[in-house]
């Protein structure tokens, strides 16, 4: 196949203004033969590709935007809302001869597109035409591969590949025409076949009509004879019916006169009863008013009772609280008295110690403690003492130091012992408080738990009672509503309805028949009913004597029933056998007459198996709402038998029977008998359910009582929780204080022990120094001691020293006792025992104030309750008096009603007699109507004495019976009439049987001539259809061949190139031959209607489906197909968006090498199909192993200062490897 030459030229540069993420005017380029667009994600690379696609005419929907305004740069939503925003993209295209073309597409302020070529405004068709002349096919997108297109092509099924190839080849443009002609061809073929079949059918029909023509004449002759026989029979029947109607009317007039007298008496009785009812109503009204007031006050009393219970609980709780507080005050007062006594005792002890201290000081001052001594001896003593002092000065200094240290240690020891004792006392107090709080906490827990259990139990009981109350109230309301509804329905249904003895006997008789004979269905009144109550009277009149007819399965069952009635001497009944009864078909046109007219048959509800019986009873009788409409239907144009909803009957013969009698109304009320019994039973059931529900008032009282108890318990729990929380808050503080004191005691104990050790140590050291000092002094005072007669000088001084030491110890003891008592007195005085007593007494005062308020409110509520109770009792008393008066009037009303009932019974009896006669008359009239209807239906004209449209007092026109023979005009018994009827029936059946045996087509003559003409027309139609079929088939084959050629041209080109391209993409040093790829058609006759199988085999791998290839292998296969398709419809440039995304580095290098080989100037100059066509490549890529093969780079980056995308270009040709 000759190579398809690629158009020359390339994209030189791109200008943009406010397009997508590119703000203001920006210039991109120049673009080289192989240009790579790079940049980080989100920088705007794809927007640059969208700009090239936009200027080349690609639709907005493919550019990630729903409308053109979405493509205009906008920093935020405020920018988007600004009016007058514009944008444009201009592409500078350079031809091989250096001529530049400028394609510009702008977005106007109105949101539309404007196209320019070299700054000249053109329309879209001219714009696309110019692009097409350069090899740029916008619709086929042969110059563009969007991001994701490679994956999309790799995942296409065979049918989708066919669609892609159709789009590329252009055969898709013929698809609509192809399918339209294909449909026309099938339609033309079907039409020709139908006309041929029609022609064949008409030929067969022509033979049949010829035979039917001869049979028709004989049949018409027999029909005329049958019509004359029926006319004579109908005249004889009408003659007998009119005589019977005249006798029955005389009897009815007599009975009606008697009924009128009795009705006057009934009116009198009812009038008297009405007067008594008016008087009784006054008392009943008074009773209702009293009941309403009692209910209102009872409701108010019901609200007060729970309040009284709640007040009672509150009073008990407050009293208990006051009692507890008083006991606590008494206890604390005792403690206060004890505390005061302790303070007095301490103050007394302090005074005594102070006195002892004063006496001790005075005694010490008075006592000198010295022994008598001579003056010379005294001088020697002082001299020696001075000498001893000089020799022991150093030791005395050390002794004084130790003495001072010992006094300091003793002072510290006394302080530690005092602190220790204070801490021990405070710890004991805290232990006592903590124990008291914990005991109280236990008591509160026990009582609170008890109250909670009682509350839970009462709440459970209350919920159950409330649920029962709500359910009872809802059930009571529903039952009362249902009972009221049933009473209304019963009132409507039973108004003016009285039991009929004859109907009762008939009902019992029918029940017996149903029990004895299997084929008895029941009476018409039991088996069907009007679908709406307003049609009751109309259906009753339309059915006439058949309303009480009994429906049986067959004639034998009917005969057995008649025999049983005769044996039991029961009233006669009419029977309708379903199997043998003959009915007229419903005329469908009568259902579409308009207005309120309907078929009586359509307003009756019945079981489908009883359809024949109902149709036999009512026929094609119509029902409508108004008399005027009935007259129009019955007497204008085609005549119909019509009955109004008021019971007025209009016949085809022109007669009109109107007015309603008691008998007719009672008869129409039979439709409601079953419903009334059901309603009565339902009412009794509902009343029993209402009685079983119980008293709602008692439930309310009990509910209020339990609510009051719960409220009291919840208050107790609330107060317990408050006290519990107070203890819970204080207890940790006391325990923490105790822990702190214990820690302090533990800290002081070692210090106390250490202090005592230090004191003892100082004492030992001092004793050692004193011993050394004594030895020195003894040597010095040796001679002096002998002279004064003492072993040593200390004997002289000991008396004074011991006395001093003893005095010092006594003084220390007194000081310690005094300090201890002062500290204890200060501690006890700081304990404010009275504040707690004052606080509790204040609480008691507040509680007593609350108690007085609640007791006062409770007293007011009690007074209100007593007042309401007295009012209720007074009203009950008045209500009882009204009830007595009402009962007296009720007795009088019952007496008058009893007399009215007797009159009503008489009227009912007379009504039954009148009804019996009227029923007889109605049956006779119905029979007469049926006869006239049969005559009209069978087109039999009866002789009349006057015009058929004239009316008189009789039931229909006056027939002329003069044509009857004298034998037929004689009065006969029923048995004789039956015999004559049997003779007529035998003659008619014989004639009918003869007619039925012929069964000709009476329209055969006319049909025979018509079918001859029809045969001629069909032959002409068949020839025209064949001609049309040939024309459509020729047009279809032409389009099919053109579509086939376009498709196969593209397929053959792509199939022949794909293997070469795939080998170039997959070959390597290891596998120099590369892989294998080929395309196969699933159907070679109609390839565009079926799929294309694309198969690839990568190097070293066996054949496998495309779905089983790896992601990279699929991408390489898809690229091979894309490049093959491009070679068929080559564009001067090829723009690819991240086609290397799924490729590994090795495949990236291969694809880059391939694109470079096709993009270099040499490849573009050498347009050879063997190696594929050269083209300019613009590729978006994120992989450096790909874009480092390009001749130029266009870098896209995000300009953060301007909040837009910007570009920069870099020429790589100077850095390419040779």
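Just so it is clear, glycine is given a Cβ too, placed from its N, Cα and C backbone atoms.
Values in this document were obtained by computation on a predicted structure and should not be read as measured data.
Of the candidate ranges 409-416, 417-424, 425-432, 433-440, Swiss-Prot annotates residues 425-432 with the feature motif 'Nuclear localization signal 2'. In Swiss-Prot, the feature motif 'Nuclear localization signal 1' is placed on 183-190, out of the ranges 159-166, 167-174, 175-182, 183-190. Swiss-Prot lists coiled coil at one of the ranges 1003-1035, 1036-1068, 1069-1101, namely 1003-1035. Sparsest Cβ environment among the binding-site residues 41, 43, 46 (other Cβ atoms counted within 10 Å): 41. Around residue 40 (ATP binding site), taking its Cβ as the centre, 12 other Cβ atoms fall within 10 Å, counting all chains. Sitting within 8 Å of the Cβ centre of 39, 40, 41, 42, 43, 44, 45, 46, and not among those site residues for ATP, are the Cβ atoms of 1196, 1198, 1205. Among the listed binding-site residues, namely 39, 42, 44, the Cβ with the most fellow Cβ atoms inside 10 Å is that of 44. When DSSP labels each residue, the motif 'Nuclear localization signal 1' (183-190) comes out as 8 helix, 0 strand, 0 coil, counted as helix, strand and coil in that order.
There are 25 other Cβ atoms within 10 Å of the Cβ belonging to residue 45 (ATP binding site). Note on the motif 'Nuclear localization signal 2' (425-432): its mean pLDDT in the predicted model is 82.
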